[in-house]
């Protein structure tokens with residue numbers, strides 16, 4: 001008798017052979033493009049045509065995904081799988097018979113339809129047909145099959161003509177079609193259609209009759225009976241469209257979609273589709289010997305395929321998360337080492353006569369990447385979507401993957417030309433790391449879980465046996481909303497860092513907009529002026545229309561500003577655009593800490609507030625890197641695209657529970673709070689609602705006063721009383737001095753004027769762009785390290801230690817630059833200066849800068865802190881403008897050493913004040929911190945005073961609106 005394992009393996013062999021065909025389609029360009037570039041080829045292709053031939057299969061994957069999702073829901077998995085193979089067969093025949101580029105393009109498009117359709121359909125088939133014990137192995141063999149197909153086409157392309165290779169590539173599709181003919185229908189699909197008898201027969205044929213299979217089948221049928229028992233209404237076309245988009249507000253659909261989106265980004269940036277398509281070009285550039293590229297490529301193909309097979313074995317004994325994150329973060333570190341080596345070799349810093357070194361590093365990278373980063377994202381397609389969302393979910397996921405493949409294959413040739421291999425993989429590696437970080441907080445462990453158990457997790461936030469806690473769900477939701485806030489704040493880093501590339505290119509000969517030092521300083525500093533207006537617009541907006549609406553509004557001037565810069569032809573347009581961007585920065589100033597302070601749990605609040613600083617640091621590094629290779633117009637266009645992505649994240653974020661409670665929307669408040677935090681922090685929810693009820697009662701009592709004159713006098717008396725209270729004055733004084741610590745720490749010198757800084761400390765003989773880039777990388781590493789430190793160390797301790805280091809670094813920089821300028825230190829000595837600058841950056845990025853974000857989101861209590869936040873932010877805006885605007889003046893008058901001594905003096909004074917006044921806020925709720933400043937909980941009588949102050953129309957804004965846009 002044939003065992004269930006063999007039956008499952010035979011059934012799923014159709015998926016694996018089909019995926020071999022997909023691998024051959026994706027890697028076919030390594031055979032096709034060199035053949036078309038041959039002088040004797042009857043079909044010619046330039047760079048643009050070649051990039052479209054490579055990427056068209058990715059674009060056509062979108063209709064493939066949509067078609068497969070429609071077919072599998074309507075006609076079942078078996079028939080759908082057979083039908084989607086046919087376009088691939090026709091596509092290879094078109095390529096074999098092609099007499100021109102159009103026929104080749106049609107063949108690639110048809111092949112892309114099959115490739116796209118089988119990605120999600122194949123994963124769903126494996127998920128529904130296989131035993132949970134073997135599902136991980138079978139899903140990873142799907143990835144190994146794609147690698148095997150890529151290696152096969154590389155070998156065949158070296159020995160055969162590209163037409164013959166197309167004919168050989170037909171074989172996997174034909175074999176898959178024959179196996180599909182022997183399939184049973186999916187038990188899950190039959191159960192969803194109410195055909196429970198056929199579902200039972202199919203299930204037992206695949207799994208055998210055991211206690212575990214009986215329990216799984218019982219759960220499957222029970223869930224589908226419950227689903228089918230609900231009344232089904234016939235909807236109009238408009239109602240159906242509404243129901244479709246309504247899915248994007250449902251947690252059990254939204255979270256899997258977001259997981260797949262991040263996983264798709266991880267898949268593409270790990271080189272999964274890019275390397276097979278451009279392997280010869282990449283290896284040729286790395287080794288410098290294109291004649292041996294085939295053998296290097298073949299060796300790496302063998303390693304990649306072997307790694308994918310090993311992953312299929314490891315996934316049987318290791319948890320999904322352990323495998324993904326251990327290999328993923330290691331791969332990210334290894335690729336950064338490879339990029340650093342290639343960059344230093346290209347710059348002549350180290351010899352480049354040993355190609356085996358970068359090739360060896362790339363081999364290690366591909367081993368690690370193919371153990372986790374490439375197979376697990378594809379495996380998730382077959383596991384994470386609940387049955388009722390599986391069709392639509394696979395279509396959405398397929399669209400993400402197809403767009404990723406298309407964009408990756410389309411832009412890679414241009415990246416390789418402009419950024420070279422080291423720049424291209426540095427971009428991919430950075431994106432990879434961010435994707436892994438996001439998945440770390442979002443991805444549940446699915447090993448040995450049935451599909452119904454995983455579905456229950458997304459529906460109820462936990463597995464039925466409670467093996468995994470709801471904290472993963474809470475972190476995922478908080479990560480989602482934090483991403484929207486952090487990307488918005490990253491826009492501030494892009495705005496400030498953009499001046500480095502912009503001013504340098506505008507000062508170069510032949511610039512379309514010539515500038516002098518005065519106009520350049522205004523371009524750099526004008527956002528500091530408009531930032532003040534943004535500070536006072538945002539609080540009123542978020543108080544009246546909500547945090548989410550205000551966050552959406554802040555993105556608009558930023559996008560308009562980037563578009564204006566892209567089309568600018570004179571300095572007036574540039575100044576107006578920068579003014580708009582400063583307006584956005586000011587609005588973000590009042591929003592970011594408020595949002596994260598109210599969205600996040602006290603135990604994670606410090607880390608999430610730190611992500612603002614990390615995102616700004618990465619934005620600054622990104623804009624510096626882009627500005628080094630691209631024109632300022634193209635850089636502005638890329639920055640605008642980032643803002644556009646943020647727009648979609650914010651649209652799907654919830655409203656703040658605190659604002660909803662303030663407006664009396666208590667049911668919505670509870671729903672939003674539990675969506676973000678789960679049901680483990682009910683005490684804080686209760687206190688938020690109670691405080692809001694007291695405030696609303698105080699408002700209602702005040703409205704009973706009929707005399708307008710008496711009402712005004714009461715408000716005025718309460719205002720005078722309130723501004724004398726320590727809980728009103730202390731947070732303002734603290735934040736004013738913390739803003740001084742943040743802005744006069746030298747951060748604007750490090751970010752907006754790094755070239756001038758290195759020129760004065762190191763000299764002109766060093767590679768200044770390289771030093772700027774390493775400084776940006778250091779900032780990101782320091783910010784990321786601070787994410788961990790802020791969870792373990794008290795706020796006051798971090799503040800004291802890092803600010804002291806900051807002050808010492810400023811004084812050391814002043815002494816070093818003075819000694820070098822006056823000849824006490826040799827002019828060719830630069831190692832000490834570089835070390836001092838990096839020490840300075842470490843202190844700023846670890847404490848002086850990020851603590852401004854954290855403390856601003858924690859210390860302003862209750863309603864009248866709108867006014868307090870507005871006053872403190874006004875001082876911040878003034879400091880930002882003054883520091884950026886006065887840098888050229890100070891450098892030309894008292895030089896760098898005088899400037900840094902002035903900065904250090906202001907920091908010493910501010911540190912003394914803050915250390916004396918600031919309480920410890922780590923791991924405390926906002927209500928606890930509020931009571932700390934007051935010395936006791938708020939009494940009902942004081943609520944009237946608070947509300948009177950908040951009622952003054954000039955200051956009707958919102959609480960804790962004081963987040964600094966320190967870059």
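Glycine too: its Cβ is placed from the backbone N, Cα and C atoms.
Note that TrEMBL annotation is computational and uncurated.
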Do you know which of 392-417, 444-469, 678-703 TrEMBL annotates as transmembrane segment?
-> 392-417
Quick one: sort out which of 214-235, 632-653, 654-675 is the transmembrane segment according to TrEMBL.
-> 632-653
Taking a Cβ cut-off under 8 Å, which residues six or more beyond the ends of the transmembrane segment (253-274) line up next to it in the same chain?
-> 26, 58, 247, 328, 331, 366, 369, 373-374, 376-378, 380-381, 384-386, 389, 392-393, 396-397, 400-401, 404-405, 407-409, 412, 425, 427-429, 431-432, 435-436, 438-439, 442-443, 458, 473, 476-477, 480, 652
Taking 3+ C-beta pairs under 8 angstroms (sequence gap of 6 or more) as contact, is the transmembrane segment (477-499) in contact with the transmembrane segment (830-855)?
-> no
Averaging pLDDT over all residues of the domain 'Major facilitator superfamily (MFS) profile' (477-922) gives 80
Of the stretches 104-125, 162-183, 767-790, 830-855, which racks up the most C-beta pairs under 8 Å with the transmembrane segment (728-747)?
-> 830-855
So which residues does the transmembrane segment (830-855) touch in its own chain, when a touch means Cβ under 8 Å and the partner is 6 or more beyond its ends?
-> 592-593, 605-606, 609-610, 612-613, 617, 734-735, 738-739, 741-742, 745-747, 750, 757-758, 761-763, 765-766, 771, 774-775, 778-779, 782-783, 785-786, 789-790, 795, 798-799, 801-803, 805-806, 809-810, 812-813, 816-817, 820, 918, 921, 963-964, 966
